[in-house]
Amino acid sequence: MSTVAATVTLPAEWRDFLALTKPRVMSLVVFTGLCGLLAAPVPVHPVIGFTAILCIALGAGAAGALNQWYEADIDAVMKRTSKRPLPAGRMDRQSALHFGVGLGAFSVILMYFAVNLVAAVILTASILFYVFIYTIWLKRRTPQNIVIGGAAGAFPPLIGWAAATGDVALLPLLLFAIIFLWTPPHFWALALFVKTDYANAGVPMLPVVAGERTTRTQIGIYTIPMAAAAVAPWPLGLTGPVYGLVSIAATAVFALLTIPVATRAAGEGDAMQPEKRLFKYSVFYLFILFAAVAADRWLA
Amino acid sequence: MTQDETPLPGTDAHTREVRARQASRARVMALLLGAFVILVFAIAIAKMTGGAAH
């Protein structure tokens with residue numbers, strides 16, 4: 001980790017603090033957390049439910065802020081992230097650190113007092129995992145960074161469920177597994193078409209370290225357990241046919257989009273359309289799966 | 001304001017920009033604190049009616 005070159009002479013604007021929380025990433029986190037909460041068999045008071053989702057969002061925002069605080073040097077050399085508040089010189093690193101720690105502590109304390117201990121403990125684990133295990137330990141050291149680090153993004157449905165029930169059960173664990181196994185093909189599809197960015201930043205993403213062929217094979221391999229986890233809730237009797245049919249159809253499309261990515265070889269100047277298509281669909285896929293989990297509970 | 005347009009420290013323009021940003025942040029913080037007070041009140045009412053899992 002190195003310091004950011006830009007000199008900060010003005011206090012950051014509130015919009016920069018908002019940008020620090022990665023609002024776009026947060027939307028998926030909030031959605032999966034909400035679906036975990038709605039899929040629980042226990043009705044939850046709307047205010048407590050709202051507070052739980054707010055805490056998940058604030059916790060994710062804190063993790064995002066601490067990630068940007070630590071990775072300001074990487075962000076500065078990557079085109080995709082160079083406009084963020086720290087590399088762009090709109091905020092000093094100490095403000096980002098204080099904001100991230102303060103927001104994280106606030107989210108956990110509020111979760112404990114307003115919701116319950118189990119949800120607060122899992123929220124703490126998710127923030128610490130993202131910051132210490134993924135950002136600080138794995139990301140710069142191993143191409144397995146997003147495989148293990150994917151767990152950090154998989155916690156929200158567990159937290160949502162725990163907020164409603166005060167407990168953890170098999171269905172939220174399967175929802176955790178779906179996000180965990182979905183993360184590698186999702187990020188490796190992205191890494192295939194922004195490989196140069198990662199290489200310039202010295203981040204050992206799989207295409208940079210092991211090459212494109214290995215990455216494509218791994219995307220294909222990881223799609224198999226992901227598909228199994230995605231479809232499993234129905235045959236296991238944890239959801240009804242609404243989720244079952246949606247998951248089978250959505251997973252089949254995912255598999256169809258994965259096949260060309262896993263089998264082809266991109267030439268010089270390739271537009272990487274199949275990879276971009278898979279990446280875009282993978283986001284939609286997660287939304288549709290989790291919406292189906294919640295809908296299945298409410299339609300049953 | 002972009003990075004290129006940032007006024008030089010020590011100038012009046014710089015002081016004005018600092019004050020404007022401080023005022024903007026203070027307004028947002030006031031709104032957030034107000035929302036937090038309302039949230040705490042709502043949580044207290046919800047807890048009194050037995051709305052949380054433990």
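Here the Cβ of each residue, glycine as well, is placed from N, Cα and C on the backbone.
Per TrEMBL, the features are:
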- A:25-42: transmembrane segment (TRANSMEM)
- A:48-70: transmembrane segment (TRANSMEM)
- A:96-114: transmembrane segment (TRANSMEM)
- A:120-138: transmembrane segment (TRANSMEM)
- A:145-164: transmembrane segment (TRANSMEM)
- A:170-194: transmembrane segment (TRANSMEM)
- A:219-236: transmembrane segment (TRANSMEM)
- A:242-266: transmembrane segment (TRANSMEM)
- A:278-295: transmembrane segment (TRANSMEM)
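Between the transmembrane segment (A:48-70) and the transmembrane segment (A:242-266), fewer than three CB pairs separated by 6 or more residues in sequence fall under 8 Å, so the two stretches do not touch. Through the fold, the transmembrane segment (A:120-138) approaches residues 55-56, 59, 62-63, 66-67, 70-71, 104, 107-109, 111-112, 144-146, 148-149, 151-153, 155-156, 158-159, 162, 168 of its own chain, all at least 6 residues removed from its boundaries and within a Cβ separation under 8 Å. Panel annotation: around the transmembrane segment (A:96-114), residues 17, 20-21, 48, 51-52, 54-56, 58-59, 61-66, 68-69, 72, 85-86, 120, 123-124, 127, 163 of the same chain, lying at least six beyond its termini, place a Cβ under 8 Å from a Cβ of the stretch.
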